[in-house]
Amino acid sequence: MSDKVIIIGGGLAGSEAAWQAARRGMKVELWEMRPGKLTPAHSTGYLAELVCSNSLRADSLENAAGLLKAEMRQAGSLIMEVAAACRVPAGKALAVDREEFASRVTAILEAHPGITVIREEVQAIPDNGPVIIATGPLTSPAMVRALKEFTGAEYLYFYDAAAPIVTAESLDYSRIFKGSRYGRGEDDYLNCPLNKEEYEAFYQALVTAERHPRHEFEPEVVFEGCMPVEVMAARGPDTLRFGPMRPVGLIDPATGREPYAVVQLRQDNAAGTLYNLVGFQTSLKWGEQERVFRLIPGLREAEFVRFGVMHRNTYVNSPRLLQPTLQVKGYPWLFLAGQLTGVEGYIESAACGLVAGVNATRFARGEEPLIPPPATAHGALLHYITDPTHTPFQPMHINYGLLPPLEHRVKNRVERNRILAARALEIWNSSGEFSGN
């Protein structure tokens, strides 16, 4: 029996885990090495800093990410509460002012009487549990060594890439139109249309641009969900036109037709002064980014306030290491959470932290940790990452394909997802502690 939970890592997962444990009366030590020691991608000491995008993805139940958010809200998620307060326009997606979001999460956790935030790097795993390790995709080398020595497991490496951000005032709006695909949502996106000649010139510049070199000790394994735009382009001349530059559902008012290709810009802060290039995560050198991306209509004079960056992402072989409760096999007092487990995405990481916070509290009190029901978004995601049949193991976003199928076939995808969501929420809302009941 214990009244304390130790959490290593103050990202989305660690922050949510700390909140869940503290609201259940536990004394929480939350260890975060920033700002004294920054990662290659972080730039502040804020807890829950967003580094890849300001979007928390779809908020509608038509998308499984929306279902996961709905379950988290029911469970009293801090990340969902703060995201709602910091929301910026993004159509049917949930996007936030990233600085306001992280600063609010930090202020709330630092002010909580049951939480002590310690700004130091942890280089060894404490042997007095329960302990939650939520050090994220940029786990420090010292902690990687500690984990490897402790678990004996092999680690896999792949790359995440962050998209550039430009100032709104530097854009040429005579070459840009507002709108969302198929008219869904408000006119929350800025669209930069390209004709065939413009696209081909942009494509050639992109695939021949100079990239930042990767570290020799890291094999180049790229996760599809955050692939650098130049890597995607190298697959073929039309790959981008069927990916982030797809024009479907967008009509250029200047021509009355769909463009040959389009680059979308999404608002990045509440003031509307910054926009990020949607789907344009990149590892190009900074000078090359200016040269290549200024070929996009509307961006010829763009001011880049942040260039795209490339960083290593670390995750464990969860099917070998973890139980669905997020406990390490053979070490029931040790929990892992967040992207370190192989979940991919902001919301997935926070959801993972939510479960870890609940279960670490239960373990501390001598209670049996819980497994979220498999027909819920939380349960389906954790089942996937801990299923030993997944070989080789790859990171995964939440999606409806992870949930158990319906007993009867429904051909219409939207209707099928609606039924899956209704079933999941009914089960989640009666699941006891996870549901907030």
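Here the Cβ of each residue, glycine as well, is placed from N, Cα and C on the backbone.
On its own chain, GLY14 (FAD binding site) has ILE7, ILE8, LEU30, GLU32, LEU47, ILE132, ALA134, THR135, GLY136, ALA337, GLY338, GLY353 as residues at least 6 apart in sequence with a Cβ closer than 8 Å to its own Cβ. Residues or ranges marked as FAD binding site in Swiss-Prot (evidence: sequence analysis): GLY9, GLY10, GLY11, LEU12, ALA13, GLY14.
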Practice problem: List, in sequence order, the residues of the same chain other than GLY9, GLY10, GLY11, LEU12, ALA13, GLY14 whose Cβ lies within 8 Å of the centroid of the Cβ atoms of the recorded FAD site. | Solution: ILE7, SER15, GLU16, ALA17, GLU32, LEU47, ALA48, ALA134, THR135, GLY136, ALA337, GLY338, SER349, GLY353
Exercise. Return the residue, from the listed binding-site residues LEU12, ALA13, with the maximum count of other C-beta atoms within 10 angstroms of its C-beta.
Key: ALA13
